[in-house]
Amino acid sequence: MGIKKMFKKKDPTEGEIRDELTQIGVTTKSDNKTRQEKFGAFKNYAQDRQNAKPGFQPVNPYANVNAGNGNGNPYAQQEAGGDGDGEAMGGNNSSPYDKTTNPYGSRSERANNPYGNGNVGASSRGERAGGRNTQTNPYGGARASGRASGSKPNPYGGVQNDGALADDTESINTAVTGYADPYGNETARASRQSTRRPRAYDEESLDLNAIPSHQAYTPSKPIKRTQMRDDETLDLNDLPEEEDLNLDVDELPEQEQVDSEDDEVEAIKQDIRFIKQESVGSTRNTLRMAQEADASATNTLGMMGSQSERLYNAESNLLLADTQSKIADQKVKDLKRYNRSIFVPAYGNPFNKKSRLRQQEMQIKADKAQEKYLRDTNRKEMYASEQRIKQGISQNATSSDVHQKYRSERDLEAAQRYQFENDSEDDEMEKELANNLDQIGLYSKKLQSSAKTMGNEVDSQNKRLGQIEEDADRLDINVHMNSARLNNIR
């Protein structure tokens, strides 16, 4: 056995196979000639973002507020078994916000209202471990229980409240207000309606979607001003003179007309300034969002460039695998011929040896030319994709300083048509407004160009993916056929 192993032919190594293929002119994969990635930073950024641990990502602390792990609302209504904070020795540490009831609830909920009518027996804060000292509500009605043992009498309980014997309207109004009149029947008879506004009124009067109006938008009318002379005395009982709303501006005195016109001019100036400031703020926000969109588009283009590089690597590997598959096919045919019977000669016809050699050379040339053509085609597609993405990324959304100076002067001249008593601040706002609008327009053009570049790149990569799919299917079939031929060799 040892001698047999000694003379057994060893399997060739990968380096020996590669050297042999290189000698016969077959292209092999070289680890030293790796193509430098120009969009590798985008690929690394995407991989780091995908492989980021959940602990490093921002966590919302309010995500599980309603979970059943005890992190619920501490002020929610709970059905505690104690009497609130009135028990000093009972050991019940219930929340002071428990058993909260709606004071505006229905009539069935009036028993839970601590400030309801006098029929409610509230637990006292003076309750101890020995017994219950019930203390009534000092602001309750005349029918509040003041005769319990140890209880303090109501100082207003002597007056009998006959309002409880009135109709249901008074009792409902008393329940809505949340407390009875402590001064007895006289006040109850005087006012039978609640002074509290219903909830529907508050909901109708409060509009959360209403836009707050600015004082500059409030139209100012000419106001008739009365100036007090030095010899006049101040009479506190004197009624102010009524304003005549039908009075025309032309009928006012000259000084008052001048004052009203000055007020109107000042209000118009304030309106212009306020609207201009709002416009500048809007353009700033729009420019910021345009810059964010441009950064997102640049990142997307970079990711597509990295994807194009990986597609090129896949195409090169498939081309190399196809070449190796053809060589394997030829080797399988030779092995099948050598494995024939000893009675059938393995060598061919000696009379057509030259023609066979010439045919093999032509086949090698054709395979090499086809391989070179496919490699050049893949390289051209990769170069075109790289140039498209570089052009989309390197587009500049800003202009030169000379162009900016020329544009600012032209914008100031154009703004003179609708400016009114402008100062340096107005000129600066006009410059910023015009500059922001120009930048927004340039960013819009760049985004449009980036979108077109993305569309063209996506179409090109889709075609390349289709070609890769076809090559992979053909390679799979060839490998499967070679495996079947090897299995059939006996």
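Just so you know, glycine gets a Cβ as well, placed from its N, Cα and C.
Annotation comment: Swiss-Prot describes 1-244, 389-410 as region 'Disordered'. Annotated compositional bias 'Basic and acidic residues' per Swiss-Prot: 9-21, 30-40, in sequence order. As annotated by Swiss-Prot, compositional bias 'Low complexity' applies to 58-80, 140-151. The compositional bias 'Polar residues' annotation in Swiss-Prot covers 94-105, 392-401. The compositional bias 'Acidic residues' annotation in Swiss-Prot covers 232-244. What Swiss-Prot records for 273-335 is domain 't-SNARE coiled-coil homology 1'. Here Swiss-Prot flags 427-489 as domain 't-SNARE coiled-coil homology 2', drawing on sequence analysis.
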Integer average pLDDT (0 to 100) for the domain 't-SNARE coiled-coil homology 1' (273-335): 89
Secondary structure tally of the domain 't-SNARE coiled-coil homology 1' (273-335) (DSSP, helix then strand then coil): 63 helix, 0 strand, 0 coil
Helix-strand-coil residue split for the domain 't-SNARE coiled-coil homology 2' (427-489), DSSP-based: 62 helix, 0 strand, 1 coil
